[in-house]
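These notes are about the structure you will find just below.
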């Protein structure tokens, strides 16, 4: 309204009074707009002061109409008064001869009778006021735009309409924006008065709200713009009575987007029509606007929104919402707020000397961002080598000259307006010091001029000024000290230089006193420069050196950048780069160099290329690389292109997912967790994971499940109870499936966890009080078979029932917050499930006083790992996330490691402190599972315990003997005893077997005791065929995978006295120490003829056997006797120590002695009898046995056995039984001292055969006579003749009937022995291979008559060299006693009688 009234007043008054009114009204606001600074005090004599020179009033944008008068205000201040001139559109106006434009006394421009026609608009344009002071300078004002309203034209006119009473009416009258202030409305051709109910929008549209009958009539709009008024068409507005029916909502006027300047007003029109009458409300950016309480927001008639004094915060999207209760409609518009340029930092006045460099600073803001230009004394500053725009808006002047003095103005301009600010530059004489006030804008190169000069001698000119280095864009100058000051330590130097033919000179100063060189940068190539050097001391500048003329080097014509560089991926590991020839090649391009670098690294690689494209291979998959190209010509490398980035194509992952783990949820489901493959191996975006699982028992039946997205866990349901499953996971990309993890197994529960009762009490509860909180930690109940759904934590002062908090079952700690300091709290913890809450665990704690600072707990260590080093040592390592990435400890923190055995009943921890990220735990028990956790402490701050790590120490040989060794006699079998014992208390591993030592002499060397191996963890063993009424001593030794433990104390047991037929001492003829009474088959009392052979044939066989036996014994007696001299004892000891003197005895449960095999000259007896009943004479007749369990058999016997192996399968006896060798204590021992040889057999364990060493008893130390006469004789014969380098054979003896085969063994074949894969074979003691050839041994064995039994391994021992054997036989003969031979002969006679008895039977 104010603008409208002002326009009318402008048209209705005289030009003179209009000039006075506008001058008075507009002088004050702009008085200091262009003020360049307050005049400072005079710095001293000889220094000119800055002259105050600024605008008091500047012209503003003005709207006028044709034929009216206009005043553009301008007033400047200066002493003396400035001369004011005007520019229109950049050209000075000649006001002397202009009769319509005149300059008012204050400098304002007065224009009468504004001319404005369609093709002639002389007055419209941009005006600028120019103020000049002679011999001082010129300043210019901001530019002002004069707008002349155009001829009235209606864009839209009011139209007849009808409206229901109470609704709103809208009458349009749209004209040009510059004519809107001149629009008014008439009703029935009378001026219409506007009020709160009737308003005119900024566009000229009339809005009438809450229409009544009085509002009906004819309406028209009138435009009065200086000429005759222009009328629109008339339109009738009819007011209808309220029909009391509803009608749809429609917008009569919608808001439209508009732009406003800060400080202006904005009106957003919005008028809606409908029944019931709608209400209008406004929202901005989804927030409701409160127009009732706001002073700047006003709801106009009809619902339009007016925003006065617009700010930047008012910008945004506005929503007009019309609602009448039945429906709601909305419209929106954008309000954009602009800001005129405004100075954040204005230029300041500057003092300077000639040749110096200065910078005028200017910082502006505005919206849109303004552009800046500089004006010097009213003329535009054109950027050049000496006038440069730096840091966006600052003006730098290089190499000042006297003519650079004057006023410099920074003019900022945008779409909204413009503004100016200026400063004065005064150039002083060189002998005048630059004042320190006001602050100047000098560069660092000129700050040396700020020191005031004193009187005194000045230095002479520097000597020998030369250009020591000349390049294309820089020159290095050096010189000698002036003659007046040869030392020159306190001299500084200034180097003045200019282009040849240019008067403007620049200066560069040395950096510190005494320096006699300077490098001038930023020169032009192939340009001549004139240099001179001047020295300064504390009194001022001295003489200048003679000018030095130097020309810079011409710049080498190097290639420009290669255009159109492009890069694209051709495969997951290759990228192709293409480019074109540089536009400025400056000669022939010789080649290109292609540089490329992986993103995120700083290592750039390059490759020489002769063409315009190249493919880089061997790149990482799905990795981003940057490329650039440099062209080379004969002068060298040119300008590099800009970097282009491209990523290689994706591929299937090259690594499997990490950290696969299985969590058995219940009897039918297993949860799988995993982590993605390492980032470098993903080779693309992981799109999912493929899970494969199968039953461990059916590996071919694999089920596959696909998990999409980034999910890292999956619950597999529907599994079978108590079944082991294998799982593996592979990652997927769009290219396919990567490698899968290894199979990981888990077994579902046999039954689901029990939830028929409440959980047990938690196994531990720990509290740590702070000032206002208590950290509670716990461990779950020991009984893991009961479902735990969560934990209930109760707490309170004095009672735990004040408050209760429930947490998840996985949680192991909780912090109770908001507690009172110095208060006693009782805390209870209960595990609960769906049945209810379990037994509570109580703990109490007193919070700390408030005065004590509350140390925030540290983060616990992570990644705790236990590395087993030995049977008693485990290394614990961890990481600390509170340390830097390099994990280097630089403060006083320390770590506490605690550990205990993982036994539920054991809650006692051991602790140790460490200052590094690892700790060596020693003194642990072997083969024991330990759990470890770590906490960190720094000052008074500590963390909670970390997650536990577990580790089981390695096994160790048992360190304690078996316990509770007892020996009892077996009921009904007095010659069979049962040995019972308990495992060692310190087994240090899984017990794999026991060895029972027994002897009749407790003081005998341990290698003279008989050995009974027991495989597995059995705790009882039977020993058969002991001598009645004899004291025996027993020791037991346990073994595990690491070796043998200590022996138990000797336990004595006396066998019962004889009873029945056995107690009379009746004994079968001694058939050898390896002979065992028959256990089955041949003992039947219902005997029958054993063979169809006639008695003569049998008699021949028996006599032959007897003769052979006598021959064998005689031969053995010649070289095998006991050594009685000390020399012989030493030999025996050496033999035992090397070859192992323990006499191992096989477990008869697993290993049975072989049947009777007697070597005879090509004679084989036919089967005599297959009756299962034995001869009653042979019942319970003890036959002493040798400590050897196994009699070696050569390879030829093995071939016979293989032919018969399918004809018979033996049955193992139920109990392990054995007999003690050497029960006939009076019988002398026969020793065969062989050369010391290491054992050769390797150890092999089979389920059916106990482990037995087969070397010692079969090589050098033979206890008793060899039971088979043929064994020794055959051995001696073959040892001299046969030589074989093959490995020792193992024969499986499986005769089909006792006494069936009497065969002469053939020479063993040279090849390795053949083993029946179905027959178990167990050589027991490992023997090292010998360098010399091994003698094969021919052996025979006498076994139990008629005994059905499984196959048994026979290991052939190594034999000594021929020469050594001969020597030993000689020693043996010389040491034999005659009475011993007599006894042996008597024994042979007994053997013959036994054979006769067999024949008679």
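Each residue, glycine too, has its Cβ placed from N, Cα and C.
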I'm validating the feature mapping. Which of 1015-1052, 1053-1090 is tagged region 'Disordered' in TrEMBL?
1053-1090
1097-1121, 1122-1146, 1147-1171, 1172-1196 - the one TrEMBL records as transmembrane segment:
1097-1121
Counting each residue once, how many in the domain 'Fibronectin type-III' (961-1058) are helix, strand and coil under DSSP?
3 helix, 56 strand, 39 coil
Using DSSP, what is the helix/strand/coil residue split across the domain 'Fibronectin type-III' (761-854)?
0 helix, 51 strand, 43 coil
As a quick check of your reading of DSSP, tell me how many residues in the domain 'Ig-like' (243-336) are helical, how many are strand and how many are coil.
6 helix, 50 strand, 38 coil
